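All remarks here apply to the structure that follows.
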């Protein structure tokens, strides 16, 4: 029982020094990436930079004990930081009231963790499945654009920048404050941005050189800090972080808000950030688990990430999850277990205790360049093109998520995309796919007339296939559609001067479920068909469909020996002999 709750106990008895050596290397590698990213993402969330460091210390320790993934590297991520920095702004300014803003961020983290852990505890993980691949690709790309544009403040050296997140307000603010642009800041930002993008490109082309992109952010921070300190650049238009507090995470339980006018906003922010960060963390964990051929328990991951954020909210940490870029570095560095997160935490702890004064002169422009480099990988053009080729409706959903995020807001863009996806599901439920089947000459196989050009109709038969569960939501549509097909078929036969329809055959092989409304559908269809001189025949009802139809048909009107067959070919062969004037060539 203890091993189930604490997966680290499963790995403990088999842990060796050889595994530890690999975890040390990977832990130190991701620490070099986590240290600058922690500061950068905290600024993205409009929080004090030190909070980003705190969030790279406690949460990884919690995850190492509770998490089931060997490769997931835990810490702050760009999308959750963006949401956490934008939603509380609706009521509280991080500039005018930074303490209250911090309290709201920590409270949102608590509710995000509570929601995540509850999903895992109650086995409700299917809720996050409403964020389809199309939604996530569009949402991530839109968020990446917004995050990158937000860095114009740092990259251009602008002091008075808009607090809004939309594309138009951000570009407008950058244009109208052109007099605040600092050429020194622009030059430094451009140089380090090129350096970081080049390092990323090298690592993408040659995965064995993963350490190039992993170490580039820390190298950039060190070099830029030395340059600022040596040339006193803070006096020449380049803004710096300033003095950072030393020491480990202070307790923050007393800062959490469980009442007051901001409670609704806090819960809403926690819900949105919780879903997004949970989706990202589980997706990343499953991706690397598939590469190494091991299983990740989704419900355990939800509880681990949730408890990680609940504990984090009480120790001055904001929302954290498994980041793809950091986890990729962890994987490529040879991580064997979650102990690599412990190594990273210890490294961050040493930094918090002894090295914080060294970051006093770190320029904000380099942090902006690090964020842009990190989020640019979230824009997945090949995946978007693939969605366009496969499903045009999914492509529309993806565009709605993308444009909703960049033109309206992060949460509204996500809500619009989810609403459209749910609408698509409702359409599929209420408008099930029904096909007209025809015979492939020389065989007793029947297939979709629109997909198989050689398939032909059998005179006197209307053969339909229903390819969805039949329930109260779609019975009316199915009845109207089938009767309309009968009328259209008879009209066509009259024009061709051929025999009219005698049998309506419904292939139910693909119908996996049925309810009482569905059973009534067949009774109504039988009566409507008989009034037109047509006999209803059912083919291969399976599982519960067959059981419910038998229980409902006491008189054997629907499930009689002459109206129930195993295959369409068998039904046509048996019924053809009863049709007057029917040729025997098919039989």
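Including glycine, each Cβ sits where the backbone N, Cα and C put it.
TrEMBL entries are annotated by machine, without manual review.
Not measured: the values here are computed from a predicted model.
The feature domain 'STAS' is assigned by TrEMBL to 451-575.
For 99-124 (among others), the entry in TrEMBL reads transmembrane segment.
The list of residues near the transmembrane segment (130-149) in space but at least 6 beyond its ends in sequence, with Cβ under 8 angstroms from a Cβ of it, reads 44, 78-79, 82, 165-167, 170-171, 275-276, 279, 283, 371-372, 375-376, 378-380, 383-384, 387, 391, 394-395, 397-406, 410, 413-414, 417-418, 421-422. Annotated transmembrane segment per TrEMBL: 130-149 (among others), in sequence order.
Annotated transmembrane segment per TrEMBL: 181-198 (among others), in sequence order.
If you look up TrEMBL, you'll see 210-231 (among others) marked as transmembrane segment. Only residues 6 or more beyond the boundaries of the transmembrane segment (210-231), in the same chain, are considered here, and those with a CB under 8 A from a CB of the stretch are 29-30, 32-33, 35-37, 188, 192, 195-196, 199-200, 202-204, 238, 240, 328-329, 332-333, 358-359, 361-363, 365-367, 369-370, 373.
When Cβ-Cβ distances below 8 Å are used as the criterion, the transmembrane segment (302-325) is approached by residues 33, 37, 42, 45, 47, 51, 54-59, 62-63, 66-69, 72-77, 80-81, 84, 105-110, 112-121, 125, 249-253, 256, 273-274, 277-278, 280-282, 284-285, 287, 374, 377 of the same chain, each at least six residues removed from its ends. Per TrEMBL, transmembrane segment is recorded for 302-325 (among others).
Using a Cβ-Cβ cut-off under 8 Å and counting only residues 6 or more beyond its ends in the same chain, the transmembrane segment (337-359) has close neighbours at 7-8, 11, 15, 19-20, 23-24, 26-28, 30-31, 34-35, 38-39, 49-50, 53-54, 56-58, 60-61, 63-64, 67, 69-70, 72-75, 221, 225, 241, 243-249, 330. Marked as transmembrane segment by TrEMBL: 337-359 (among others).
Annotation comment: TrEMBL describes 365-383 (among others) as transmembrane segment.
For 395-423 (among others), the entry in TrEMBL reads transmembrane segment.
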Checklist line | Contact between the transmembrane segment (181-198) and the transmembrane segment (99-124) (3 or more Cβ pairs under 8 Å, separation 6+) | finding: no
